Amino acid sequence: GRDGYIAQPENCVYHCFPGSSGCDTLCKEKGATSGHCGFLPGSGVACWCDNLPNKVPIVVGGEKCH
């Protein structure tokens, strides 16, 4: 697995509320060990996942969300 900001189609982040459990739930549903609400410059608050399966897309730096 890998760590990163989990991506929606088109390289968009999943927005979140700092301190909420939403990202942890989302990441675990996708097969990660855990997740939390982080901050991605240029995108704002975004879900970060730890040990996400390689088949699940993560945000690619420099690519704009379409």
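A Cβ is built for glycine as well, from the same backbone N, Cα and C atoms used for every other residue.
Listed in Swiss-Prot as the disulfide partner of CYS16, from the options CYS37, CYS49, CYS65, is CYS37. Of the cysteines CYS49, CYS65, only one is given by Swiss-Prot as the disulfide partner of CYS27: CYS49.
Each of CYS47, CYS65 is a candidate, yet Swiss-Prot gives the disulfide link of CYS23 to CYS47.
For CYS23 (disulfide bond), the Cβ neighbour count at a 10 Å cut-off comes to 26, with all displayed protein chains included.
Cα spacing between CYS27 (disulfide bond) and CYS37 (disulfide bond): 11 Å, rounded to the nearest whole number.
As a summary of secondary structure, the domain 'LCN-type CS-alpha/beta' (2-66) carries 11 helix, 26 strand, 28 coil according to DSSP. Between the CA atoms of CYS65 (disulfide bond) and CYS47 (disulfide bond) there is a gap of 15 Å, rounded to the nearest whole number.
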